[in-house]
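Trainee: There's a structure below that I have some questions on.
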């Protein structure tokens with residue numbers, strides 16, 4: 001179809017910039033476009049007198065045309081259990097002029113009662129459907145309802161799915177430290193925990209109290225161990241640089257290098273530099289500068305460990321951590337590791353097989 005048979009919509013509004021060169025028709029005699037403002041007919045055109053469309057009231061219904069539904073009065077619309085015939089007519093319009101095509105249905109909100117008043121649940125009359133399909137508006141899962149009913153249904157589902165629906169909820173502000181509402185708070189203020197000094201213990205939930213007290217005690221013991229270890233590490237002097245290790249200028253140098261078979265104190269950077277010296281033989285650089293006891297590896301640590309049991313746990317954790325990293329010398333069987341069976345890193349082939357069971361840390 002030629003574009004000259006189509007009326008230019010910009011010309012209809014008087015804003016076509018193409019003029020005589022426009023590809024569309026500028027002849028309004030061949031077309032009768034609708035320039036009536038549909039928003040004005042509904043009663044809420046935001047442009048008012050500045051609207052480019054015609055603000056005219058729709059004519060009386062004729063030839064099957066359906067006009068806008070009149071606004072229900074408070075006495076009839078809010079308390080009537082059944083919709084008016086005009087509203088029921090405007091709910092659904094079926095277009096069955098052309099045979100063989102599916103019917104097009106315009107779905108709108110049928111229920112106008114948004115005030116939560118009692119309403120009749122009687123389903124509306126069914127519309128004949130030649131295709132044999134059920135009407136989506138009359139099916140139970142698609143039955144329209146008011147917004148208030150939807151909110152109530154959602155709240156009921158939320159209460160049913162909540163496992164603590166029968167117990168009051170603890171105030172999150174009081175549990176975090178302080179609630180500015182005090183006794184006027186709508187939430188429950190829990191009992192104070194003797195360890196963390198926070199109102200986090202539920203008065204009516206013994207399982208929650210027991211779980212929090214167990215977790216709080218475990219955290220407290222861990223923090224106490226760290227505090228004791230830090231206090232024991234404050235005055236430790238390195239045997240090489242003769243400085244207090246935790247008073248070094250750089251924060252990266254405030255770490256200890258713990259020898260596996262020796263209890264003398266070293267900074268991590270100092271003992272690593274000592275063991276990397278090339279002018280001495282291997283047994284000399286691996287031995288302690290104080291007692292000459294050979295240690296196969298150095299363990300980095302933020303705190304100094306004096307107790308032998310704690311030291312054994314630290315050594316075992318260090319071995320497990322190193323054993324997860326691939327050895328850069330072994331290269332999945334393509335290279336040769338100079339440390340042999342004493343290497344702490346993982347010696348694995350491409351298929352995942354380990355080279356052999358090694359005696360880590362042995363001399």
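Just so you know, the numbers here start at 1 and follow the chain as drawn.
Cβ atoms are placed via backbone N, Cα and C, with glycine included.
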Trainee: With TrEMBL as the source, which of 165-192, 193-220 is set down as zinc finger?
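Mentor: Residues 165-192 are the ones TrEMBL records as zinc finger.
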Trainee: Quick check on the annotations: TrEMBL lists zinc finger for one of 31-58, 59-86. Which range is it?
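Mentor: Zinc finger, as annotated by TrEMBL, spans 31-58.
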